[in-house]
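Here is the structure we will look at, set down as structure tokens.
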């Protein structure tokens, strides 16, 4: 009886673990994924990150995510919140502006996910991200076009008095 209960609990835990692993694998297949150690240094990146980030993607290993952000963008609130989340092991979702090895600026929508052990200690951090660069650039182009059209539209007023 006692052994049967433990076997059933063990099977339930295996099934739960399998489902969670499947979830992580499926998300990682669709999104860029960066694995960080507990100190916040990048241990690995997936092929989607390599493809989206492009030039210099291999050079990010061993670096901190903040190192991917150009110096002049480090005063933004989203940069501060992200670096805080990484250093304190907290969940964060927001914009992450980075620059690759070729100097290309990219906009990522990132989620910082701290993975803690049962004792509450940080084991590692996973960052999931999507590249929003094309969406943001298209939006900016549309805004600029609208502004240009508004500037070029002359308003003629007549004073009938």
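Quick reminder: no glycine exception, Cβ is built from N, Cα and C everywhere.
Checked against TrEMBL, the range among 3-30, 31-58 recorded as coiled coil is 3-30. Sorting each residue of the domain 'PAS' (31-133) by its DSSP state yields 31 helix, 40 strand, 32 coil. Mean model confidence for the domain 'PAS' (31-133) is a pLDDT of 93.
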